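> Okay, here's the structure, questions in a sec.
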Amino acid sequence: DRSVECTGSVQAMIQAFECVHDGWGVAVLVGVPSKDDAFKTHPMNFLNERTLKGTFFGNYKPKTDIPGVVEKYMNKELELEKFITHTLPFSEINKAFDYMLKGE
């Protein structure tokens, strides 16, 4: 019994954790919540042996995994352009962070 949350919504994270099966359920949190959000659940959810995991960057290891991703991109095996939603100059980096925090 598994669940994966990738929205960044704390309510969705809590639901993903609380919906997995007692004893062996695993919830994996991928989405990045707002800096002011708090994850709150009843302690019995942990005592009933549910497992909560999280990941950044899909658990890529920069030194060992990123060169392979770059190689796939260079060989046109990976289409990254379709994931670009905005292009901003470095001078507008704060605006870029605002877009990210808004989920845009």
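Cβ coordinates come from backbone N, Cα and C, glycine included.
Model, not experiment: these values are computed from the prediction.
Annotation comment: TrEMBL describes 2-71 as domain 'Alcohol dehydrogenase-like C-terminal'.
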> Please average pLDDT over the domain 'Alcohol dehydrogenase-like C-terminal' (2-71) for the predicted structure.
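Looking only at the domain 'Alcohol dehydrogenase-like C-terminal' (2-71), pLDDT averages out to 90.
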> Tell me the residue counts in helix, strand and coil for the domain 'Alcohol dehydrogenase-like C-terminal' (2-71), as DSSP assigns them.
26 helix, 12 strand, 32 coil
